[in-house]
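Peer 1: Below: one structure in structure tokens.
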Amino acid sequence: QNEEKWDFVLVSDIHEMGSEKEIKRKKFLDELSKKGFTIKKIEDTKLFYGVRAPLHIFWKYQCLLGSPNSRQQNSSAYQDVPVTTRIRIVHFILQNTVTSDLEKLQDLMKKKVFEAAFPLHKKEKIREILKRKWARWRVLFKEQPIEEIRCYFGEKVALYFAWLGWYTYMLVFAALAGLATVAAGATVFSSSQVSKEICAANSTIMCPLCDQNCSFWVLSDTCTYAKVTHMIDNEATVMFAIFMAIWATVFLELWKRERATVATNWDVYEWDEEEEELALQLINNSQHDPRRYQHSYFRSTIVLILALLMIAVLIGIAHALVIYRAVAMALFAQSEVELLSKHADTIAVMTGAVLHYITIVIMTKVNRHVALFLCDLEKPRTFSQRENNFTVKIFIFQFFTNFSSLIYIAFFLGRINGHPGHYVRIAGHWRLEECHPSGCITDLFIQMAIIMVLKQTISNIMEYLIPWISHQLRKKQKPPKKRSMMLGEEEEAEDPCKRQWLNNYELNEVNIFSLFNEYLEMVIQYSFTTIFVAAFPLAPLLALINNVIEIHLDAIKMMRLRRRLVPRKAKDIGIWLQVLEAIGTLAVIGNGLVIAITSDFIPVEVYKYIYSPCMRQNHTSMDCSTGYINNSLSVFRIQDFEPHTKVLPEFKGNQIKEYRDYRNADDYTYTVQFWHIFAARLAFLIVFEHVALCVKLIAAWYIPDVPQKVKNQILEEKHSNLRNELRWVMPWKVPG
């Protein structure tokens, strides 16, 4: 059967005749009729209005933006315009049609005059190809049909999947490097002198980890933990951090080349978004005046102050998590349950990480509302400008939500908590938690592992289950039988459009943020994969596994569970590229700081080259880090404990115990070695960052953004266009 072609469907509740909503709906539909739209009404439990645009609209579009020769082909305009462009034009006109009450479709939807407006998933050949080759689990490791995605969902969605595919492909190299780093840690560095010394230190008695009912403990108890720490914290990690800085640059540079090739093939390389928007405004209303560019310093100042306030709130939440961990540590340590009291520190870190994940989930929703509110204050001129402003704000808020707690663990944990006899306390009561004796990097490793695993498993399951369940529920709501059937009248033949429109209506609704959410999720994941990767070399592997699933999860959602997205044209991934470049720079700084401050790499190196037996006695045969652990401990006289400290077993006399720091035994001030290490950390940080940034710059220069083939193609096109123009300049028309 020859199926009727409808561009859009509007859905409305059945309102009473003469009611305000019914009058408003009629006014809007009359405006569309005046513009030449064909409207078809189907009644079910809701009212469905099929909308088809007149041909002259598409002809105008081609005249304004198409090639010059398309102006002669008035009759075939309908066939010439791709479906994605048709939907985009009709969507724009629907959104910008104003009724006599000065209301647009958006206002009418807020007032519940209309419930939904969507383009249709139709039974087309291309849709079947996408379902077979893309939106199913069997094709998990096959190449994506980007060209078909573009023909069905438009360039913007196709570019997202092209970028995601490219990112996933590049992650293979980062994941292999991460695995190699961990493997090297588990084999080459597993028998390190440092962990051997910790495992052999069964006579080294350490200070208690809490104030009440905590006992002294033996350093060798942390043997397993020390081995795990050394799997992450070794010489290979430094090389891996530099590799990841280069990888991030190469990934973006190669993506720019890929993007240039794709955009040229799709003929959008020199497409101008502003021109497109102006053309659509004129097609909708030939009397339209463009909205001018404006900038208000007052508005910008207000937005800046409010954004800084929001960031302060997010940092405050990170502080709350720190307080939770300090209090939880104290409470777990005093618990009657042996499992809790014995592993108080690890349990506090793990529950803290789960809490952090919960705050991320909640604050993501809050951040969105705040970012939208700030965008409305700025009054951006166009939709794309609004989208860019929103992207930057929400990324900054999400960055602080996700990373504040990690920044604390990486750079402050165990460095601001004082020393035995003089601890820094929260509200004068709870001791700030300390790093694990074998180093702080393992705390960061645990926190990152828990958050990444939770984010990827729970978020993906919810991302698929929620749309699937809501789709099933919508399908279950069967319409009641019609009156005519109840009266026993003869049943009329059902309109073929009705079933199709109902099926589309039963799918989950999409909005302008549907694609934005996917981008944001991936960009935050990219931040985890690069910024603190030195502490968690398995991050790229987790990201790779997640992305392979994510691509097909998104495909299934878009093809089977959601209404059709309004196709949008684009020539690149927009402002996300700048965001990714900013993350690349942050990654260099972050990893430099992790190695310089969090890891034990610098203290061990300083010991080897200044304080070790190799330097003092010229022993070249022995391992130069011998004696490092003893050297890194300071002694503490028990009688100097604060009065309220209650230690098990009770202590007597003038005994000496140890703790991890570089302090003098008599007055607990810092030793010279502490300042040596401090200077070495700073020096390493400066050298590492400059080297890594220079390598990034060289890589960016070495790989051209646009392939020569694309440049030559554009050059030839310009040349042939100018030659064609020249033909029209007849010699006899030349003046003089």
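Cβ coordinates come from backbone N, Cα and C, glycine included.
TrEMBL labels come from automatic prediction, so no person has curated them.
Heads up, here are the entries from TrEMBL:
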- 84-146: domain 'Anoctamin dimerisation' (DOMAIN)
- 149-716: domain 'Anoctamin transmembrane' (DOMAIN)
- 157-186: transmembrane segment (TRANSMEM)
- 236-255: transmembrane segment (TRANSMEM)
- 301-327: transmembrane segment (TRANSMEM)
- 347-364: transmembrane segment (TRANSMEM)
- 390-413: transmembrane segment (TRANSMEM)
- 523-553: transmembrane segment (TRANSMEM)
- 573-597: transmembrane segment (TRANSMEM)
- 678-703: transmembrane segment (TRANSMEM)
Peer 1: Please work out whether the transmembrane segment (573-597) lies in contact with the transmembrane segment (347-364), by counting C-beta pairs under 8 angstroms that are 6 or more apart in sequence and asking whether there are at least 3.
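Peer 2: Output no: the transmembrane segment (573-597) is apart from the transmembrane segment (347-364).
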Peer 1: Which stretch, 157-186, 390-413, 678-703, tops the Cβ pairs under 8 Å count with the transmembrane segment (523-553)?
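Peer 2: Looking at each of 157-186, 390-413, 678-703 in turn, the most contacts to the transmembrane segment (523-553) are made by 157-186.
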Peer 1: Under 8 angstroms, Cβ to Cβ: which one of 157-186, 236-255, 347-364, 678-703 has the largest number of such pairs with the transmembrane segment (390-413)?
Peer 2: 347-364
Peer 1: Where else in the chain does the transmembrane segment (236-255) make close Cβ contacts, counting only residues six or more beyond its ends and a cut-off under 8 Å?
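Peer 2: Hits for the transmembrane segment (236-255): 163, 166-167, 170, 173-174, 177-178, 180-181, 184-185, 188-189, 530, 533-534, 537, 540, 577, 580-581, 583-584, 587-588, 591-592, 594-595, 599, 601, 688, 691-692, 695-696, 699-700, 703, 705.
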Peer 1: State the non-local partners of the transmembrane segment (678-703) in its own chain: residues 6+ outside its ends, Cβ under 8 Å from one of its Cβ atoms.
Peer 2: 238, 241-242, 245-246, 248-250, 253-254, 257, 584-585, 588-589, 591-593, 595-597, 602, 605-606
Peer 1: Under an 8 Å Cβ to Cβ limit, what residues of the same chain, 6 or more beyond the ends of the transmembrane segment (157-186), are close to it?
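Peer 2: Those are 143-144, 146-147, 149-150, 230-234, 236-237, 239-240, 243-244, 247, 250-251, 254-255, 258-259, 262, 515, 518-519, 522, 526, 529, 533, 537-541, 543-544, 547-548, 550-551, 554-555, 558, 565, 567-568, 570, 572-573, in sequence order.
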Peer 1: Provide the three-state DSSP residue tally for the domain 'Anoctamin dimerisation' (84-146): helix first, then strand, then coil.
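Peer 2: Output for the domain 'Anoctamin dimerisation' (84-146) reads 32 helix, 3 strand, 28 coil.
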